[in-house]
Amino acid sequence: MAGLNWFWSAMGGKSGRKQKKSRAIVEQAEQIALDIEFSSHEELAAWARQLTKGGKLSDSSEFLAILGVASERTLGLKPFPVQSQAVLRLLEGDVIQMATGEGKTLVGAMAATGFALMGKNVHLITVNDYLASRDAEWMGPLVGFFGLSAAAITESMNREDRREAYKADVVYGSVNEIGFDVLRDQLITSWDDAVQHGADVALVDEADSVLVDEALVPLVLAGNEPGRAPSGRITEIVRRLKEGRDYSVDDDRRNVFLNERGARIVEKALGIDSLYSDEHVGTTLVQVNLALHAQALLVRDIHYIVRDGKVALIDASKGRVADLQRWPDGVQAAVEAKEGLAVTEGGRILDTITLQALMGRYPLVCGMTGTAVEATDQLRQFYDLRVSVIERNQELQRFDEADRVYATMEEKFAAIVKEIAAIHATGQPVLVGTQDVAESEQLAAALRELDIEVNVLNAKNDAEEATIIAEAGDIGRVTVSTQMAGRGTDIKLGGADEKDHDAVVDLGGLAVIGTARHRTARLDNQLRGRAGRQGDPGLSVFFVSLEDDMVAVGGAGEEVTARPEPDGRIDSKRINDWIEHCQRVTEGQLLEIHAQTWKYNKLLADQREIIDERRKNLLDTDQAWQELSERSPKRAVELEAAVDHDVLVQAAREIMLYHLDFGWSEHLALMDDVRESIHLRAIARETPIDEYHRIAVREFKDLAQRAVDEAVGTFDSVLIDAEGAHLEDSGLARPSATWTYMVSDNPLSGAGNSLIKGIGAIFK
Ligand code: ADP
Ligand code: MG
């Protein structure tokens with residue numbers, strides 16, 4: 001593989017030397033293992049403790065030997081030498097590349113046990129709940145051998161159960177569950193309410209998914225809050241604007257743009273200088289745009305109806321009222337204002353964190369994946385992580401065929417169906433990787449037409465899909481799956497119980513078919529990796545059409561000439577090379593978008609850290625009481641005479657935290673609006689990111705002071721008695737209900753990408 005050669009030469013001899021050294025350590029461990037085979041459980045556990053005393057590993061060979069024996073006794077798995085090498089690299093804080101089926105679950109658990117013995121709390125981060133539970137249960141006995149505990153966090157657990165689980169030495173959890181717990185813990189008013197207590201190490205499984213592909217997915221914690229509607233005045237002014245003259249609408253009527261004349265009318269009517277000035281860009285301009293959107297793009301009785309004094313959306317594809325749907329908050333409120341209705345409650349974003357920022361909270365991050373080499377740049381640039389390549393236990397026996405290229409999407413689709421049918425006719429199992437759910441369904445329908453039984457996986461139910469994918473290697477199986485579905489589940493030849501193992505080996509193992517090249521070779525290789533585990537035979541091939549997204553984007557503006565065969569196939573080395581070239585272009589674009597988008601996120605992440613420091617201080621000390629009594633001495637004396645000191649300290653804390661958290665939430669909302677309207681300023685020839693930074697820094701500076709001022713006001717006026725501060729009575733209740741969501745499940749595919757694309761586009 002070209003990628004690997006590049007990697008080795010880039011890493012030079014250093015990596016080679018390290019490789020040699022760790023091989024020697026592992027060989028020695030194998031020898032020691034022979035000597036300690038009959039040592040008692042207690043002896044081994046005590047020895048391991050001895051070796052890890054003081055938080056450092058004093059003898060790696062002895063330690064690996066003990067871990068190996070423990071694994072054999074508790075799990076029945078004797079680690080392969082390559083697995084022990086991988087454990088060493090993880091303990092040094094690298095991201096290891098280790099192919100699918102090489103046993104990363106065991107490697108991760110051994111390394112986590114090592115960290116835990118050194119006194120570190122470990123979060124073992126998985127891609128979903130199902131894998132968190134599976135691995136905690138599977139690996140629990142190994143961790144337990146040393147008197148340590150393992151537990152899993154899953155979505156269905158309540159706060160009590162979570163708090164208990166987080167006390168374990170090794171905590172398995174999906175990145176969203178752990179992230180949402182971080183967000184909720186950032187809103188507590190007493191340490192007793194926290195469920196987490198920090199962790200020292202994040203050991204990330206499928207590290208490239210979490211650290212690269214989904215790095216900028218924001219986890220969002222929201223609470224109830226009245227909507228922010230454009231004022232009636234703005235709605236009225238916008239009503240006077242005329243399409244074509246004051247604003248324009250694009251062809252598919254999805255976007256509306258105020259023009260200069262329109263802006264001037266609004267500015268004059270409101271008596272302001274410029275809608276695009278600092279003062280108005282994040283507020284008035286957003287409201288004007290919302291009102292304009294409601295007026296120009298959303299038509300009553302086509303997009304919505306008004307019923308019982310409420311706006312109800314109409315589902316365009318079904319032509320029926322879609323009861324539980326709303327537009328994004330501002331739009332909903334704007335339509336209500338347009339119709340002169342009462343503006344309904346909306347959600348307020350209380351806090352948000354990207355996975356990249358979440359990872360930044362851990363003092364040490366390490367990880368494992370089948371495809372790390374191609375992510376070397378990102379891992380270094382964004383996390384300062386090194387990649388270590390671990391050899392395979394058994395040599396790869398998979399045949400990776402060259403791409404089959406077709407002129408059109410239609411011809412490609414026909415060829416894919418034909419190929420699947422042909423392979424299936426021999427009994428060889430086929431796994432097809434598609435780009436999205438719609439493609440999976442379309443393909444499944446076409447195959448069923450041919451009387452081929454198909455299993456379709458869409459990453460909807462992880463546990464159920466794991467059992468289906470575990471059988472994907474059985475004779476005659478055809479499994480169609482999107483990228484994320486069934487990840488982490490081993491595909492054994494001849495079925496999960498391997499009953500027909502030899503027969504499937506004779507048929508050539510698992511055949512993997514990709515319906516398009518992904519935008520990065522890394523995702524292609526993840527799919528290929530499903531076949532050929534542990535020396536199994538296997539096959540992989542990708543189908544590509546010149547109309548594919550990746551080709552259109554990566555090859556934009558380039559002319560290619562090719563002469564297709566009658567079935568549309570273009571069999572030419574030159575075209576195959578060109579497809580590779582297109583992919584390198586899209587990889588470059590993704591990296592650039594990641595870097596740019598992170599610039600927007602980084603500043604807010606840093607600011608959140610400052611807020612968090614302040615919060616910690618307020619929670620740890622009686623600083624809130626000190627500050628408030630200093631600012632309002634008379635009130636403090638009054639209260640001291642009537643209420644217990646401890647109660648007052650907690651009351652002051654809650655008042656202070658309320659205003660701090662509220663201020664932060666306002667800040668997030670404002671910066672969100674600024675980000676949305678900032679492309680308008682790009683038109684005004686300013687550099688958006690600089691502008692964004694300037695506004696963020698300025699607004700943040702006032703936040704802390706404003707929060708204290710407002711807290712003083714509350715301190716003076718709110719009822720404080722033996723039960724504490726009665727904030728709810730003054731309309732200062734913390735949001736009663738909170739809910740969590742992710743903006744997109746996978747920004748590399750699907751609709752969520754539009755956000756990132758949108759931002760990327762500014763920099764073209
Ligand atoms: P990966 O995550 O690297 O794709 P898994 O951790 O899912 O791989 O393991 C794949 C399979 O290999 C599992 O069935 C596991 O039981 C098996 N396995 C792992 N380590 C060993 C070992 N040392 N000896 C035998 N089987 C092993
Ligand atoms: Mg795995």
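Numbering starts at 1 and runs along the chain as it is shown here.
Placement of Cβ uses the backbone N, Cα and C atoms for every residue, glycine included.
Of the candidate ranges 132-159, 188-215, 440-467, 692-719, TrEMBL annotates residues 440-467 with the feature coiled coil. Record check: TrEMBL places Gln83, Gly101, Glu102, Gly103, Lys104, Thr105 at the ATP site, and the matching candidate among Asp436, Asp474, Asp490 is Asp490.
Most Cβ neighbours within 10 Å among the binding-site residues Gly101, Gly103: this distinction goes to Gly101. Note on Thr105 (ATP binding site): other Cβ atoms within 10 Å of its Cβ, all shown chains, come to 21. Gln83 (ATP binding site) falls within a helix when secondary structure is assigned with DSSP.
Close to the recorded ATP site, the chain also has Met98, Thr100, Leu106, Val107: residues not among Gln83, Gly101, Glu102, Gly103, Lys104, Thr105, Asp490 whose Cβ is within 8 Å of the site's Cβ mean position. With a cut-off of under 6 Å between the Cβ and any atom of ligand 2, the binding-site residues Gln83, Glu102, Gly103, Lys104 reduce to Lys104. The Cβ neighbour count for Gln83 (ATP binding site), using a 10 Å radius over every protein chain in view, is 24.
Our reading of the ATP binding annotation (Gln83, Gly101, Glu102, Gly103, Lys104, Thr105, Asp490) yields a largest Cα to Cα distance of 17 angstrom. Taking each of the binding-site residues Glu102, Asp490 in turn and counting other Cβ atoms within 10 Å of its Cβ gives the largest count for Glu102. A 10 Å cutoff on Cβ-Cβ distances gives Lys104 (ATP binding site) a total of 25 other Cβ atoms nearby, all chains included.
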